[in-house]
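Some features that Swiss-Prot has for this protein:
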DOMAIN    4-499  domain 'UvrD-like helicase ATP-binding'
BINDING   A25, G26, A27, G28, A29, G30, K31, T32  ATP binding site
DOMAIN    526-853  domain 'UvrD-like helicase C-terminal'
Amino acid sequence: MSGTKWTDEQRQAIFTKDCNLLVAAGAGAGKTAVLVQRIIEKILDKGEPIDIDKLLVVTFTNAAAAEMRERIGDAISKGLDEDPESKVLRKQLTLLNKSNIMTIHSFCLQVIKNNFHTMEIDPNFRICDETEGILMKQEAIDELFDELYEIENEDFINLVESYASRKDTRLQEVVLELHRFAKSAPFSYDWLLNMAEEFNVGEEFNFEETPWADMIMEDMKVLLHGFKNMLQQSIDVILNSEGIDYYYEPFKMDLSFINSLLEKSSFKEFRGEIIAYDFPKLPLKRNKDADKEAKERVKKLRDKVKKKIVELKNILDSYENEFIKKEFIFLYPSMKALSNLVILFDKKYEAKKRERDLIDFNDIEHLCLSILTDKNSEGHIIPSDIALDYRKKFAEVLIDEYQDSNLVQEVIMSMVSRVKGYWSFYNGQLMFNEEEINLEEPQICLDIPNRFMVGDVKQSIYRFRQAKPEIFLDKYNEYSEEEGTKNRKVKLFKNFRSRKEVINGVNYLFKQIMSKTIGELDYTEEEALKVGASYGEEVKGEPIELCLMDKKYEISEEVLKEYNVDEEEALDNIQLEGRLVAKKIQKLVGNNLEGGLKVFDKKLGEYRNLQYRDIVILMRATSNWAPIFVEELAKEGIPVFADTNSGYFDTAEIKTMISLLQIIDNPLQDIPLLSVLRSPIASFTDDELIDIRMVNKNITFYECMEIIYRLYKNEKLDSYYSFYIEDENKINKIIKDMNEKLKNKICSFIEKLKLWREKSIHIDIDEFIWFLYVETGYYGYAGALQAGEQRQANLRILFQRAKQYAKTSYKGLFNFINFINKLKFSSGDMGSAKILGENENVVRIMSIHKSKGLEFPVVILSGTGKNFNMTDLNKNILFHRDLGYGPDYVDTERRIAYPSLVKNIIKNKIRLETLSEEMRILYVALTRAREKLIITGLINNMDKTVEDWLNLSEDKNKVPEYAVMSGKTYLDWIGPALIKHKDAVSFREELKMTSELSNIVDDKSKWKIELWNKRELLKEKVEEDEVEISEKIKETLMNLEESNYKEEIYKRLSFKYKYDNASSIPTKLSVSDVKKQFILDEKENTEELFKKLELRKPMFMEEKKKISPSERGTIIHLFMQHLDLKKAENEEDIKEQINRLIEREFITYEQSKVINPYKILKFCRGELGKRILNSNNVNKEMPFSIEIPALEIYKELDKEIYKDEKLIIQGVIDCYFEEEDGLVLLDYKTDYVNDIEEIKNRYEIQIKYYEEALNRITGKNVKDKYLYLFSVDNYIKID
């Protein structure tokens, strides 16, 4: 059925059957299309069709499941169009609604709901909110600690003394973190107990035979390979230099020693040889003909190797068996106590959930696992009867994004797949054994494997969620590519997304830096991406750009003097990079004039000008960087949106509302109270707040207000307040002297607060918050501020959070505030509300993780000079899923504390795994680009850094693994790989690098390395400041009183510039401004255009809000932008589209009333609507900028002087569409029409510039121009 031309490899992935099939699909390889096609071929097979509900398809997200279901539905529908009588197709279309295409969590929930009777859970269970779970966990751990303190549990007390700080919160954090970590293990109690038992060693313990010892040896061998390269490089220099051949023998001995170590497989031998080795002394011969530079160079290299070997000796010397044994024996009680403490906590937390009939997200997988597994008499984990039923039911189990599976999910999938074998614990680790097991009931078709797994281990970036890429890698290394095998793999590495320039660059870089050590996979030619996309020859691809700037660049005194600034005023590093990126974007986009980048539009099937929406800025993390980048881009007039997960709780409107809720709960909190008092909710001035505080400095601010309130109201003070008042007469005098307006203000606020406190008890929290929005007018006030739409959206999010909270098992304002605080600190804040649609023409800033699965014409990867986050390595107890616990050794009696030897091993292992994850994250970032890739980063001391890069270029094919292991930033990897590339020659010359490179790589990838000048960016900042300062000076002079200098000041200020008229010409005009200018030229009396400005109340203070004509026009334009004409056959369809905009909060219900479905339908059924429907190229709300002569607008200017003056016209075209013989331009108008000719004259000039913009941007002829008038439901053609 599919018209797609599949590659041979794709066909293998689609049609191979009767085996376990692993599909390794590189970035852009079309894995989703292949997976969908495989399903379609299965259900429409003419020989043995499989009903779609007999397939289990597991996806990573709900969106992916929905997309897959939609694609399959489209394919079936297309088949029915071709064969309407097909019973098979009709059946599959019916079964599609109950198909098992879902996320792993959805499948687990299905299993639980169908088999709840086998578990001790209520069938009406609810999945608890994440923050509700956090609150319950905190309750559980507080209660558990209190109980253990009360009974004075000795193990617990020792644990607190060893691993808690002054408070026990640090130990609580350890327990909560270990609990979360353990839940990624299939049988978490077993894992916890096994990891503690690793410390329970006897006299026979031999560290040299443990996995830890092997790990130390393998890690050190990576470094030794680096030392080997350095020594080999030195020997090459000795043999090719004059007069230093006497160095050859000692260097050869050193190299033999390193080679011998690399061949060792026994830790004991390895350790012994390193400790025993003494470097031979270098001969002290003097040879006047010796090449001194070469001699010094090899000595330096050898000294470096010697120093590193001494460090390894010292480390290995500490790994003495008896010492390690004593450490283990000492730590065992604490580690056992820790495991037991986590188990006790889990049981208490489970009890709390059961009381409320709740389960959390971890429970979903673990409950499913317990339903699907049994243990046989030998203790092996085998499928339960329920799992066997699923094995019979599912003809095939298909798993998407397999590289992101964790071990719990892997065991679950193995239980419902037809695989031979069982799971069992070996040395504390759960492992799969592919052996025959005896099942009481013979398994149907067990001999025919039925598992399909697709993913890309190079894109496994969710280790922080306990994803285990080793699951994929183990199969990838074991499975065969040969046909007919039971376990087979297929490789899809042809990339159908990116230009060859992007692919070649990605391949070059990762061949240089990715390995089994860092990245967990060797990036060989076999693993490399292959070019599959065709972009034609019309527009040539561009090289990948690397834009670097030295953040420690010293600014000379001359420069500081020239620009009159202090060095401290220089832009900070993030600002610098943000400004650099803004400049790159400006150059890429241009002003829709000449010079902008052209990109291929898949929908149009042709090249067009680059738009802002085509660009994404990717960052490793957006929390601190994105807001600064947004500011820098906005300064350059670049529309931008940052998709962040932070900043929400720092917005003024949310801080104010949370402060209000805090004082309603408890007004005796000075900081939130003052926040509310200074806000528009209460509007107290600083002077008024000082007057209130003067009542008494020793009590809370609210108590001061309460005293004023009571005395002013002639109420008697109770004993509590009397206690704090030493001199009541003095207080009375203060209050008597107080401004009457202030006293009334205080009384009004106190009374409101008391009313709010009372009301908060009687209504749900979500209703109460909305009541406060309306009662205080704060929601309306926020909307009237700059970025009001965003602020109101943030307030709605708080309301939604309250609604979510109201459904939990917690009630009341106090608990809601705790709920918000836990959300703030445990979930790492949240991003502000999203108010932009997917098609808005803005540059997007997002994290690399959020970009996974997406693609963009232009990708800018920024922040590559930022250090990797290794803060987790500093915790006092580390956890590793395979190696277990890595605690500090803490002896409270002797007051000794240091990292245990096993902690150092685990710390290094986690560091390597983190670096591997960072490597894959970098791969994901670079493979998002379709046509253009730009990398930006700041370097600390450019000259030294580049010199270090050059020293790592001895191997042209690979950056040394030890160098990659020691990398702290992405640039530490990218730099050494690129510095030896042929395209780096000019960059090295620019830096005056004299070192000769013998290993220049002549690779087909194309790179452009730019060194950006910090001085130029500093200059721009100074120029901005000069404008601001001149405005302030002008303002100061305007306020000068009469003085002896009046005449001189007047004379200087009255100076008239020769081209003064030009200064009044704006550099940019909107089309509306142009229209007004032409009307002004025609009217002698401008009174109608510029009426007296009348101040009016903000909308939120008015009793009734009426939508203005301009707002009405905006709403209708917004609806027309989002109108889908294909789904607008009747008024009900129109209403449904209106409701969708309301749901997505693009418009409110009140605003929706101005959209008349009947009028919209008339447009859709009219001639223009039909023509739009028939067009294959329809564009809406297209912004533009075009350059025109200033004389064209300002005809009064001197033609000779201003003949070369230009200005930019900006506007937004409502709609244009393409027909065979040209473009059709359409502009919507909601004005009331008296005279058709008047309307034509009014908008003629506007349409003229729209036409000119379209001509320039598209290069195509505009054949027709129309105004559609909604007031009369008709259109006017503009000649």
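Cβ from N, Cα, C; glycine included.
Every protein chain considered, the tally of other Cβ atoms within 10 Å of the Cβ of A25 (ATP binding site) stands at 26. In the three-state DSSP assignment, the secondary structure recorded for A29 (ATP binding site) is coil. Residues within less than 8 Å, Cβ to Cβ, of G30 (ATP binding site) and separated from it by at least 6 positions along the same chain comprise Q10, L492, F496.
Model confidence over the domain 'UvrD-like helicase C-terminal' (526-853) stands at 83, taken as the mean pLDDT rounded to a whole number. Long-range Cβ proximity for G28 (ATP binding site), meaning a same-chain Cβ under 8 A and a gap of 6 or more residues, is found for N495, F496, R497, S498, L529, G532, A533, E855, T927.
Each of V34, D456, L492, N495, F496, R497 belongs to the same chain as A25, G26, A27, G28, A29, G30, K31, T32, is absent from that list, and has a C-beta within 8 angstroms of the C-beta centroid marking the ATP site. Neighbours of A29 (ATP binding site), defined as other CB atoms within 10 A of its CB across all chains, total 27.
For the binding-site residues G26, T32, the greatest number of Cβ atoms within 10 Å around a candidate Cβ is found at G26.
Cβ neighbour count for A27 (ATP binding site) (all protein chains, 10 Å cutoff from its Cβ): 23. All protein chains considered, the CB of K31 (ATP binding site) has 21 other CB atoms within 10 Å.
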